[in-house]
Amino acid sequence: MFKRTTLKGELKELQLRLINLDLEIKKEAIKQVIAYMTVGKDVSDLFTEVLNSLQTKDLEIKKLVYLYLMKYASKKSEQAILVVNTLVQDTKDNNPLIRALAIRTMGSIRVEEVTEYLCQPLRKCLKDKHPYVRKTAAICIAKLFILNPELVQTQGFLSDLKKMISDSNPMVVSNALVALRQINESSTQPIFVVDHKNIMTILNALNESTEWGQIQILEAAAQCAPKNEKQACIIVEKVIPHLSHSNSSVVLTAVRVVLNMLNIITKNQELIKKTSEQLSSSLVTLLTGKPEIQYIALRNINLIVQRFPKMLRREIKMFFCKYNDPIYVKMEKLDVMVMLASKSNIELLLREFQLYAKEVDVQFVRKSIRAIGKCAIKIPKVAEKCAKALLDLIMTNVSYVVQEVVIVVKDIFRKFPNQYESLITRLCEHLESLDDPEAKSSMIWIIGEYCDRIENADELIDDLTDSFTEEPHEVQLQLLTATVKLFLKKPSEARELIQKVITIATEQIDNSDLRDRAYFYWRLLSENPTKAKSIVLDQRPLISSENYKYDEIMLSELVRNIPKLSSIYHKPSEMFVQTVKVFEGGENKSEPSSEESEKRKESEDSEEIEKKTKKTKSKKTKSKKTKSKKNMTTNKPKTKTKRKEKEKTEKKQETVLMPNTNNTQTTNSNNNNTIETLIDLGFGMTNTQTQTTTTNQPMSNNQNLMGMNMNTTMNNNNNNNNNNSQSDFFSSLNNEETTFSIEIEPKKLLLNSTKGKGIQIEGTFRRRNREIFFDLSITNKTSAPVGGLAIAFNTNLFGLKPKAPVVKGVIMPTQTRESSIRCPIDKTHIPKNTKANLNIQIALRCSGKNLFFHDRPPLNIFLKEDLKILKKDFLNHWKQIPEENEMEKEITNVKKMDISYIKHLFENKNIFFVTKRKDGDLDILYFATKFESDHISLLELVLISNLNQIQLNIRSINPSYNILIVQFLENLLKK
């Protein structure tokens with residue numbers, strides 16, 4: 001009560017001061033009002049008195065009153081109309097600052113009655129002679145669009161705004177770009193797209209813009225898909241000078257633009273080399289700034305190094321930790337150093353890591369030791385040196401150092417089984433000092449794995465079982481598995497021990513996971529000891545350096561988001577932002593309009609399915625990583641089978657909505673109007689189908705490909721010019737019209753009748769007679785006939801488009817109609833994003849209802865049947881493809897390591913055998929394939945029979961196809 005009285009007294013005093021004729025007293029009173037407003041106190045009761053103060057020529061008072069008006073106009077809408085005349089008059093003032101303030105205030109007042117008077121002053125300010133007024137008017141259009149989009153369109157403000165990107169003043173250009181981007185985010189359709197037609201105009205304003213303006217222009221350039229390689233080179237040349245800017249945000253945004261363009265540039269090797277050097281020096285320069293800037297730079301460099309591993313390798317010393325670096329900077333530097341590790345610098349890095357392991361910061365020491373282990377896994381030839389370094393660290397007898405070494409040694413044993421066993425003796429000496437659960441479980445795993453070579457393994461495990469009920473869950477699981485391994489390898493010595501452990505686990509433990517595991521072992525050992533041995537002691541998959549990298553799809557997404565929060569969190573934006581609206585390369589991902597309730601409901605249903613799918617996939621990934629760490633392989637076949645069944649069920653249930661795009665086209669002349677209406681729908685979509693495939697570090701023996709002399713030099717050809725050159729290396733098998741057919745994919749349920757509002761859709765993509773078809777079955781489960789069918793595909797990786805009508809006539813209730821739609825590809829199509837995702841997002845109009853679904857065709861339907869290549873031509877063409885277009889992948893757990901089987905398997909999928917050779921015990925096979933877009937991909941398979949794995953090397957004229965081939969072959973070889 002006392003506070004309320006005081007506040008009323010203050011307001012009364014302010015009211016008297018606001019009506020005072022003394023200008024200085026009035027000014028101080030308004031400042032006090034703004035101060036109250038800033039801290040959250042309600043001063044709307046003074047609305048009339050503050051507005052009366054607007055009748056002055058004092059600029060400072062006008063600014064303060066404008067701020068007050070923007071805050072409380074919506075609350076006092078009836079009184080706010082009274083100030084419109086004053087604002088309109090201020091837009092005609094001789095002072096450009098007052099004109100700009102007036103138009104900004106009118107645009108910020110969210111009162112519909114005020115917007116009616118805004119159009120004429122806004123149109124005049126858009127053509128004002130002063131650039132500050134024009135740029136303020138540009139932003140005002142964006143604000144007006146949020147309040148009344150129809151008014152903006154009918155008044156032609158969007159056209160005026162688009163013209164402003166050609167303004168002579170760079171400040172106006174950058175603000176116009178920001179306004180257009182805000183309008184795009186609020187619109188259901190893309191209003192403005194940066195493309196090859198307007199990008200040069202925008203970049204002309206780059207050099208003279210402010211730092212903020214440069215960032216906005218570079219952001220626009222990052223979303224541009226250049227017309228050809230020549231234009232990409234011009235964009236790079238215009239952006240390169242800004243890599244040396246003093247502002248780190250400008251530098252990182254410029255880096256993003258350059259990296260996007262480098263994916264397109266393949267012919268101009270001189271520019272690529274020059275640009276790579278400039279990028280390296282710019283990124284290294286960021287490490288000389290403040291610690292916060294260093295951290296942001298290192299998080300982005302981590303992604304860049306994974307995407308371009310050779311870029312910063314010469315600058316390895318710049319990432320060495322300094323004594324005064326904050327811990328968060330040191331940790332990021334360690335990650336980058338591991339990424340840059342190679343045979344040439346590994347000794348230098350090991351010395352650094354050993355020094356770091358003697359620091360006082362426990363967290364930093366632990367990560368330094370793990371870095372040594374990662375280097376051993378990444379570069380097998382230096383694993384022995386890494387093992388010696390770890391042995392030296394064990395000798396320090398520092399508790400946390402020894403415990404971390406145990407964890408790292410376990411990973412090394414998983415990569416190099418039956419090697420470096422001299423470490424085991426040293427580790428066993430410190431068994432009693434281990435108190436960290438992860439270190440203890442790692443040591444138990446080592447004892448169980450090598451119990452046949454450790455003389456007193458039974459005694460060590462027996463001692464550990466005395467405190468079985470007190471141990472953490474992960475230690476208990478490892479102890480149970482280690483005891484089973486000991487019993488299978490030394491049954492006479494461990495008979496009583498296994499009975500003791502299983503009895504405790506089944507009778508005294510409440511944890512259901514551990515109890516079920518114990519029952520599983522008990523029944524398995526009782527019923528079939530031979531089967532138990534084959535399961536528990538089976539060869540486990542080797543870990544690789546891929547475990548420490550992001551998959552290719554995720555990595556490409558994160559690199560495209562440099563320097564946004566995604567690249568710092570190393571997470572896609574949808575994981576920490578509820579709603580993301582992006583216009584990239586002509587595509588629009590947006591939420592449905594609030595006026596279209598039916599569309600909004602479909603979008604919400606799709607988002608719910610998407611969240612469930614992502615949650616399921618994240619659980620699978622987490623389960624897989626946990627299983628890898630704990631090495632619980634006994635129930636792996638069962639889990640894997642369930643996972644596959646669950647994935648099949650999810651694929652059938654997924655229903656997604658398609659993003660709107662202006663690039664989707666159809667050539668059906670009878671349905672032009674229907675298709676245009678269909679494509680213009682503003683539905684949001686998020687792709688829920690992701691694949692996880694990663695790349696290895698390049699191999700060193702590529703110089704001796706096929707055992708031939710590689711000294712001959714040849715010029716690299718751009719993929720745009722490869723159509724002519726390919727005829728020199730490849731020829732058709734024949735020119736006759738032969739009917740070709742590949743393995744028939746059964747139709748899948750793409751849309752159930754619940755989501756399809758009574759319409760059920762089944763279909764699949766198939767290849768027949770050298771063409772791609774989309775076979776479709778449409779079932780009408782409604783009570784009325786349906787007709788007016790039209791179909792369209794969203795922009796996709798290969799430019800696939802439907803060419804024929806869906807179904808002629810109507811579909812009666814309970815009737816199913818079949819259709820086979822020919823789907824040619826656009827060979828001139830350049831993917832506007834490099835996600836390398838085969839998902840085809842499909843829209844179907846059916847009796848005025850819009851149905852959205854998607855399908856993922858198998859890669860082999862895009863591969864041609866008419867490829868023939870000789871051994872010598874393979875070698876020449878391999879050399880013509882740039883090294884940057886090469887990707888490597890280690891495929892483990894191959895189903896059948898038989899050359900004839902692999903040749904037959906690949907040729908059935910239009911991947912043709914070229915030749916083979918022997919390199920010691922290794923069999924090396926060479927294959928080639930050609931996409932419908934006439935892009936060639938060459939494959940080298942190194943068969944490592946003793947490890948049951950294949951080293952796959954791919955070079956493609958279009959490098960975005962590499963990831964597709966890797967995903968396809970990995971699934972094919974593991975089936």
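Positions of Cβ are set from backbone N, Cα and C atoms, glycine also.
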Under TrEMBL, the annotation coiled coil belongs to which of these stretches: 4-31, 760-787, 816-843, 872-899?
4-31
Taking a Cβ cut-off under 8 Å, which residues six or more beyond the ends of the coiled coil (4-31) line up next to it in the same chain?
41, 43, 45-46, 49-50, 52-53, 56, 58, 60-61, 64-65, 68
Three-state composition of the domain 'Beta-adaptin appendage C-terminal subdomain' (863-974), taking helix and strand from DSSP:
41 helix, 44 strand, 27 coil
On average, what pLDDT score does this prediction assign to the coiled coil (4-31)?
77
